[in-house]
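Below you'll find the structure, written out as structure tokens, and then a few comments.
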Amino acid sequence: MINQKEGFKSGFVSIIGRPNVGKSTLLNHVIGQKIAIMSDKPQTTRNKIQGVYTSEDSQIVFIDTPGIHKPKHKLGDFMMKVAQNTLKEVDLILYVVDGAEAFGPGEEFIIERLKEAKTPVILVINKIDKVHPDDLLSLIETYRHKHEFEEVVPVSALQGNNVPTLLLEITKHLSEGPQYYPSDQVTDHPERFVIAELIREKVLHLTREEIPHSIAVVIEQIKRRQHQDTVYIGATIVVERSSQKGIIIGKQGKMLKEVGQQARADIEALLGSKVFLELWVKVQKDWRNKPQHLRDYGFREDEY
């Protein structure tokens with residue numbers, strides 16, 4: 001921990017909400033760097049991702065949890081367990097909802113979890129750029145009747161509207177405390193984890209509905225080539241069926257090449273170095289229901 005001036009505030013804040021309400025977009029906007037994987041498919045975020053925001057007078061450590069849902073397999077069980085445990089560990093919860101969607105059973109389910117956790121909650125209504133002001137006021141009233149929120153802050157995570165106000169509200173609810181991380185550090189995840197997430201994001205984005213969330217990415221090797229000032233990265237994309245392997249590779253390898261090109265650009269921005277990225281695709285049947293494979297592919301409750 002780092003010495004800081006008197007009155008410095010710090011704390012751990014969980015970002016929670018249904019799939020695809022913009023949790024990862026919000027975290028990435030605040031941090032100013034792509035840390036949490038973004039996709040329009042549910043359950044994109046699998047591990048708790050710590051993003052660190054530091055200002056002159058505060059440090060906020062964000063935990064981005066998987067979208068809360070009813071589990072369908074062991075991977076789903078793992079993701080839900082991570083989400084529920086997080087609620088009890090943090091100082092403050094940001095409950096993110098989609099302002100363009102009506103209150104429904106999914107929101108009821110989450111609010112019940114919030115009541116059990118007994119942690120202070122700020123309601124963040126996202127995507128306000130898509131909502132009429134009258135509808136927004138009505139939605140705020142609906143949520144206020146369901147739970148006692150510390151604050152309600154409407155934002156557009158994609159455009160950055162009202163995000164500075166949200167950061168001020170978060171800081172207001174934190175206690176005085178130490179600076180846990182250096183000012184220039186934005187995550188505590190190892191490089192391998194972030195690189196794997198960037199590759200997985202490109203697969204999900206480029207294959208759209210053809211590939212469900214039955215993929216994992218394993219970083220086989222990261223090697224810095226000093227004389228060439230480049231970083232060599234070898235990674236395996238794991239799928240459950242041969243048909244999925246064919247889709248990811250694509251005709252004459254075109255899809256895999258495109259995944260590699262797009263992922264490489266993000267990885268180079270992350271590392272600040274030229275990157276040589278080599279990708280392979282492997283079939284591992286039904287890996288999401290096998291605890292050993294979940295551990296092999298990085299899903300460890302005690303780590304994240």
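A Cβ is built for glycine as well, from the same backbone N, Cα and C atoms used for every other residue.
It is 126-129, from the ranges 126-129, 146-149, 174-177, 190-193, that Swiss-Prot records as region 'G4'. Residue ranges 17-24, 289-296 are listed, and Swiss-Prot annotates 17-24 among them as region 'G1'. Listed ranges 43-47, 208-212, 223-227; the one Swiss-Prot annotates as region 'G2' is 43-47. From the options 4-7, 64-67, the stretch Swiss-Prot describes as region 'G3' is 64-67. Helix, strand and coil residue tallies for the domain 'KH type-2' (199-285), in that order: 44 helix, 30 strand, 13 coil [DSSP]. Broken down with DSSP, the region 'G4' (126-129) shows 2 helix, 1 strand, 1 coil. Under DSSP, ASN20 (GTP binding site) is assigned to coil, being neither helix nor strand in the three-state scheme. Confidence across the region 'G1' (17-24), taken as the mean pLDDT and rounded to a whole number, stands at 82. Working note on the binding-site residues GLY17, ASN20, LYS23: by count of other C-beta atoms within 10 Å of each C-beta, LYS23 ranks first. Within the same chain, residues at least six positions away from ILE128 (GTP binding site) with a Cβ under 8 Å of its Cβ are GLY99, LEU136, PRO154, VAL155, SER156, ASN161, ASN162.
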